[in-house]
Amino acid sequence: MHVDRFSEVIFLVFQVVEKNVDPETTLLTYLRRKLGLCGTKLGCGEGGCGACTVMISRFDNLQKKIINYSANACLFPICALHHVAVTTVEGIGNTKTRLHPVQERIAKSHGSQCGFCTPGIVMSMYTLLRNQPEPKMEEIEDAFQGENCLYDLISTSLFNPSAFQPLDPTQEPIFPPELLTHNNKPQKQLCFKGERVMWFQPSTLKELVALKAQYPDAKLVVGNTEVGKRKHFVPVWGFVNIIFAMGQISAVSEFSGICFGASCSLSHLEEVLRKAVAQLPSYKTEVFRAVIEQLRWFAGPQIRNVAQQTCFLSFLLLRIHICILILLDEPIDHGNNTKASFVLLIISSNKANICFLFFSKGEYFSAFKQASRREDDIAIVNCGLRVLFPEGSDCVQEIKLSYGGMAPTTVMARKTCQELIGRKWKEDLLQEACHMLASEMNLSPSAPGGMVDFRRTLVLSFFFKFYLTVLQKLNIELNAPKYHDVLKTLTTKLPPGQSIEDTVGRPLMHLSAAKQASGEAVYCDDIPRYENELYLTLVTSTKAHAKILSVDTTEAQNVPGFFCFISEKDVPGSNITGIANDETIFAKDTVTCVGHIIGGVLADTQEHSRRAARAVKITYEDLTPIVTIEEAIEKQSFFKWVRKIEKGNIQKGFEEADHIVEGEMYLGGQEHFYLETHCTIAVPKKEDGEMELFVSTQNLTKTQVSQFLGVDLIFAIGVRCMLDRDEDMLISGGRHPFLGFYKVGFKKNGRITCLDVSFYSNGGNSADLSFGVMDRAVFHMDNSYNIPNIRGIGRVCKTNLSSNTAFRGFGGPQGMMVAECWMSDVALKCGLPAEEVRKLNLYHEGDLTHFNQKLEGFTLRRCWEECIKNSDYHARRKFIDEFNRQNRWKKRGMAIIPTKFGISFTAGALVHVYTDGAVLLTHGGTEMGQGLNTKMIQVASRTLGIPTSKIYISETSTNTVPNASPTAASVSADINGMAVLNACQTIIKRLEPIRSANPKGSWEDWVLAAYQSCVSLSATGFYRIPDLDYDPEKNEGKAFAYFSYGVSCSEVEIDCLTGDHKNLRTDIVMDVGTSLNPAIDIGQIEGGFVQGVGLFTLEELRYSPEGNLYTRGPGMYKIPSFGDIPTEFHVSLLRDCPNSKAIYSSKAVGEPPLFLSASVFYAIKDAIIAARQESGLKEPFRLDSPATPERIRNACVDVFTKMCPSAKPGTFKPWSVRV
């Protein structure tokens, strides 16, 4: 097909007519770079986080109305925007004129912390309200399914709803009338040509056929939800966009059912099927209801709104052995499955339809799916199961069992199906079917994807569920209580007399919340491009351990816009870096992990830079890598440093014990998964070699500035580098995986007499902060329990992984998690309630820890009693026990877990007071969503005695506050608050003579008088935590300034057949001293808890045996979604517990709450104990972290797991290894 001219795209954000459209440009890129609308964020680039959500509006010719739907701008091709309107977060409201009610509510309800994902959340809610002004709660929950955020939760009790402006639908922007006029014009074929890709948008099927004949390898794109995600890894050079038959619905004459156009979106398909289910007899819509249920868990609404049904069919409906043939202008051969087909793709000369057929009486269908996370996740195993009985009979006439996730493609259990025909739907059929399926649906122990035992067991579990579902529909009496549960779905008070201007202790709104909600908050990559700015893309190793033989940049130099390649040879100074000076800026001669930075490519645009980086060819000579902790132990690959703490007499402690239990526990690592990936902008200042850096870091002092670019090299041009999500996860380390070995001695009543623990962490290829992390793990190996005889040893393994580093909790959660593991074993061995054993061993006021620090102001027992009371623990425990007696395949569990977290750092601040009374405050901490800036303004407001409206805060910078401590270890408010207090007190002292001379004057009067009297109105502040003098050799002195305490009680329900679990309720009582800001502190507790839920139940890093990271984005690595938040979530702050050792009697709150989510893990373990008891298993058992569906299911030992025995370790090469 000859193309003599290229088309233009007409769409509305502002009035846009774009003539030179590159098909590889996404809407997100266009919004941010061309239009400068940076409120829409890049979080992952694959439609998995929701930070890029926008609203798309268009006129639907079939429905004859304007439709609005949310979509991922990171996947939406700019070429697909012809004749649509795009609404971004900037378009609905702003802080300069008026916030939209959605923006106002999330801001004032304390629902925004770091704020990076807030615009996406706002747009999801806004789109829902445009379609449903009064939505149901289920619709709200569904709208948020495509949003992933670790921190944005709403503290519902600390705001005044009456202060909100009402929602007025009549004030919303209208659909642009100029776009409506285009719908009356005949459609025509569009064509767009970019550097590498040509995009055709045919207007008829005939045009599509001709194009496909001319470009047989071109990709067919509708929603771009799959092709767009793969563009990072597979170059896509040819697109054909199908828009014909969009949403077409018609009846089928030969086959009774409903037909949809091939490009119909999943959301529209669901809407039509729901109407059919409401109107038709239930037996006819059997498959419709199954499709609707599976759609609920298929991706988020942003994907479902644009993804076409053929994409969904490949995940579900093909699982029931449907023969879908695409034959153009030819008769369709359905083979022998015409009558049995539920879905037929009919394509004639002018139709492209997918047909869902009505069922007949006696025909039953179920679909099941199990994923790592219930919402918005790809299936581990899924299936479509159908059976047909003669009317009025329970004898199988026809049966189809098809499974996904058990082979590279969908597989039918043909042998099993054949054997079941003619059999009665009785229990002997169930037993024989399970044995046959276990044999037929086998997997190699080395199968890609891993989780082999789990996947095999799911095949049987799904059939069991299907068997019972059909039994119920056949009205056959279930064997209660053995089976009846299988079919259930898991579903501040202020002190009196406080001044109104004194905001300390009040739930002041996060200072940046309104700007975050409106998209006005500026993040690093939102900074406008500098003229002639270059873009840097890193070139990293694909080998875990190898020698570099050669680096060939020939192909990269041919990429348009290529500027240069830099490597260790271009570093004029030292190439050595790292906290322990054991790292390099660029690898030299040898690489020691996958992701090791070898060099970088500079080019004129991000796209050109990435293409050129991929074109760099590196030749290696492989060396043997060390990947796992076990391999490191075997080969004695350790860093030389060892931490040991010992107290009491270990031998005597074990001799006094009635029982001794030994065990081990593995805790997986965790990816930080901050929504804003690492970004740096370097701007040469043209004089004296000065370089200004804008860096997304929480440790400015340790940000290493290497002159590897050289001002002369880049001709004073700025350079920008922002990592893709997959690059960020590959290059930057995360939380340390730990392996703990323990031996614990205890009395019959559960009193601990002795503990001996050995910790091993996977440090990666450099020391980084691994020693400090292990230090804290050993310091917290007691959690909150008084153990008279105790010894702990910690070693850091040196492996060929990216170096692991600081993470919220900094080793504390790992140490405490092992403590709760052996505590759980002790309770089980004694046959006593776990909460009684835990309470028995808690510290008391004045006790000495195992590192000999006296506990002062010990409020943990108060937290414990209050949590027991708030959670109604004992009554609910009885209910759970009764629930478990009545249910075989659903079990509930509950656990109450304490935490004691040590707080120990220095800080600086700078305060300027101007002649008009305004105050400019700068401190050494980094605001990253935790409300630090808000709290610092509150501190300054109280100290200076002025309203917060007079105080402004400047971004953290080394030219104002040098040598600041990292924003870490939960102490930022403590130390920076004290530094701010120190600086403000200096100002107050200088003003004191002026205030004494004019006591009735105003703040402005005093400041002006001071200026006129040449009194300095600028002051610095500094603070260091005093008296930290711990001596590890003597095991004495003060290791921490004070401790934060908390207790959490959680209840869960697990599905013993699939490993699924639901967090039903959590109650937390936290000691934060006298809170500086209850709203922010509760938000930190909630956010820390949810991040911990990810650590202990969801997030699993998976590596190949060669050290290659599989989980490089939200597609495979799952952080908690909105549905993982406990259904009931209660957080309370302990009253009347001032802390004399921190600013205004407050306490650190960032890290301590994270470990409280261990209550969910041990509630799951409690439920598994109940399940195992059904199989006669009562001894302690091992459950590693995270408690994924795989681990939960495998731990619930039953008849099905016994049918799928594990392969013997060492007899096969696993797909993934536990590092």
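Placed from the backbone N, Cα and C atoms, the Cβ positions cover glycine too.
Where the annotation comes from TrEMBL, it is an automatic prediction and has not been curated.
The following features are taken from TrEMBL:
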ACT_SITE  E1151  active site, proton acceptor
BINDING   C44, C49, C52, C74  [2Fe-2S] cluster 1 binding site
BINDING   C114, C117, C149  [2Fe-2S] cluster 2 binding site
BINDING   L220, V221, V222, G223, N224, T225, E226, V227, F298, K369  FAD binding site
BINDING   Q698, R808, A969  Mo-molybdopterin binding site
BINDING   R776, F810, T906  substrate binding site
DOMAIN    7-92  domain '2Fe-2S ferredoxin-type'
DOMAIN    192-307  domain 'FAD-binding PCMH-type'
Exercise. Taking the centroid of the Cβ atoms of C44, C49, C52, C74 ([2Fe-2S] cluster 1 site), which other same-chain residues have Cβ within 8 Å of it?
Worked result: L28, K41, L42, G43, G45, E46, G47, G48, G50, A51, N72, A73, G120, R725
For this session: Take the C-alpha atoms of R808 (Mo-molybdopterin binding site) and N224 (FAD binding site) and report the distance between them in angstrom, rounded.
Result: 36
Exercise. In this structure, which of the binding-site residues C52, C117, C149 has the fewest other Cβ atoms within 10 Å of its Cβ?
Worked result: C117
Exercise. Once near-sequence residues are set aside, which residues in the chain of R776 (substrate binding site), 6 or more away, have Cβ atoms under 8 Å from its Cβ?
Worked result: F810, G811, G812, G815, G902
Exercise. Where C74 ([2Fe-2S] cluster 1 binding site) and C117 ([2Fe-2S] cluster 2 binding site) are concerned, what is their Cα separation in Å, rounded?
Worked result: 14
For this session: Tally every other Cβ atom lying within 10 Å of the Cβ atom of F298 (FAD binding site).
Result: 24
Exercise. Do you know offhand how many angstrom separate N224 (FAD binding site) and C44 ([2Fe-2S] cluster 1 binding site) by C-alpha?
Worked result: 15
Problem set entry | Between Q698 (Mo-molybdopterin binding site) and E1151 (active site, proton acceptor), the C-alpha gap once rounded to whole angstrom | 15
Exercise. Of all the binding-site residues given, N224, Q698, which residue's CB has the most CB neighbours within 10 A?
Worked result: N224
Problem set entry | Cα proximity to C149 ([2Fe-2S] cluster 2 binding site), best match among recorded positions C44, C49, V222, E1151 | C49
Seminar exercise, completed: Min neighbour Cβ count (10 Å) across binding-site residues C44, C74, C114, L220 flags L220
Exercise. Averaged over the domain '2Fe-2S ferredoxin-type' (7-92), what pLDDT does the prediction give?
Worked result: 85
Problem set entry | 10 Å Cα neighbourhood of C52 ([2Fe-2S] cluster 1 binding site): matching binding-site residues from C114, C117, L220, F298 | C117
Exercise. Which of the binding-site residues C44, C114, C117, F298 has its Cα nearest to the Cα of the residue listed as 'active site, proton acceptor'?
Worked result: C114
